[in-house]
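Student: Straight out of TrEMBL:
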type	residues	note
DOMAIN	14-171	domain 'DUF5931'
TRANSMEM	21-40	transmembrane segment
TRANSMEM	52-73	transmembrane segment
TRANSMEM	80-98	transmembrane segment
TRANSMEM	104-123	transmembrane segment
TRANSMEM	152-170	transmembrane segment
DOMAIN	296-382	domain 'Histidine kinase/HSP90-like ATPase'
């Protein structure tokens, strides 16, 4: 049985670390609440019509507190079953108050001890969990009282308001911890990219630049080699500059896909025309990088199989629930069975560079080919919370 309130990404290390600290604080509070409940029941033992049942309830509170301390100590044991049992024990002890103390009781047997289960729901399932547990406990308390005094109402009001607030605060702390952890990882990744960029600049780029300058000395074949080296040098420099040319990331780590797609228009092989919307198209940076790489692989195929000077068109569409990048050329098309033959021979350019990337993104890469040319339609669905307004 699994109840999920937060997105899967919130169960990362930073979010779990915050929850662990919350449950450690709650463990201390449970002990304090237990001592208070035991002391009050000892003092008020004369109010019990069935004394032996009262002591059984006290023993049950002590025993369940020990179980709860053990159960909530490890994240892997914080399952729905444990939380449901925790709340069920609290409700059962409240309902036993009437047969043990009689209809005219003033205080329930567990008293404030029920706060342990209430706050556990708020910590683990956030404000929704706190609200659900609060409603259950409030309904239970009201149902067993003959009269609702102003003091009783005050206690129930605090339960109803306090539990969702505690849950909301826990949710906010986890969100901030997850965002901070993600920002630290992105900063580390940016530093690594800068280091790799320096290594590329000191090695590969210098060799390509030298080949471009000296290639003509090798004759006609060297001229072609120099041209190719120049194009690859430009592509590598563009890749290094990419993180600066993209629109700045938002607080959620999104970047503008339109700006990234427009960079494809700088290619000289093939000749690319790019059409994008007049507004930014925000997607997570990782999705943008993979989608642009897949579109670049489509253009590489145009240059390789249609010609370096062949025209190609790239169209970006933002369709609210999905983003579509279309890459089209006017070549002879792909012969039937060619892609399957290439895959069988171990040449996985289309399968890996295009379809593989889109599959990893949860999208699709649809191919239409024939005498009219070749058209790739790369579709990536938006997450519900990312859908364009």
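Here the Cβ of each residue, glycine as well, is placed from N, Cα and C on the backbone.
Tell me about the surroundings of these features in the structure.
Tutor: With a threshold of 8 Å between CB atoms, the same-chain residues lying at least 6 positions outside the transmembrane segment (52-73) that come near it are 23, 26-27, 30-31, 34, 37-38, 41, 45, 82, 86, 89, 93, 96, 99-101, 109-110, 113, 116-117, 120.
For the transmembrane segment (80-98), the residues of the chain that approach it from at least six positions outside its boundaries are 1-3, 53, 57, 60-61, 64, 68, 71-72, 105, 108-110, 113-114, 116-118, 120-121, 124-125, 129, 133, 136-137, 140-141, 144, judged by C-beta separation under 8 angstroms.
Long-range contacts of the transmembrane segment (104-123) within the same chain: residues 19, 22-23, 26, 29-30, 33-34, 36-37, 40-41, 44, 47, 54, 57-58, 61, 65, 68, 72, 83, 86-87, 89-90, 93-94, 96-98, 129-130, 132-134, 137, 141, 144, 146, 159, 163-164, 166-167, 170, each at least 6 residues beyond the stretch ends and with a Cβ under 8 Å from a Cβ of the stretch.
Away from its own ends, the transmembrane segment (152-170) comes close to residues 18-19, 22, 118-119, 121-123, 125-131, 133-135, 137-138, 141-142, 145 of its chain (Cβ-Cβ under 8 Å, at least six residues beyond either end).
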Student: Hey, which bits of the same chain come close to the transmembrane segment (21-40), Cβ under 8 Å, at least six residues off its ends?
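Tutor: Here the qualifying positions are 58, 61-62, 65, 68-69, 72-73, 78, 107, 109-113, 115-116, 119-120, 123, 170, 173.
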Student: For the domain 'Histidine kinase/HSP90-like ATPase' (296-382), give the DSSP counts of helix residues, strand residues and coil residues.
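Tutor: DSSP classes over the domain 'Histidine kinase/HSP90-like ATPase' (296-382) add up to 29 helix, 32 strand, 26 coil.
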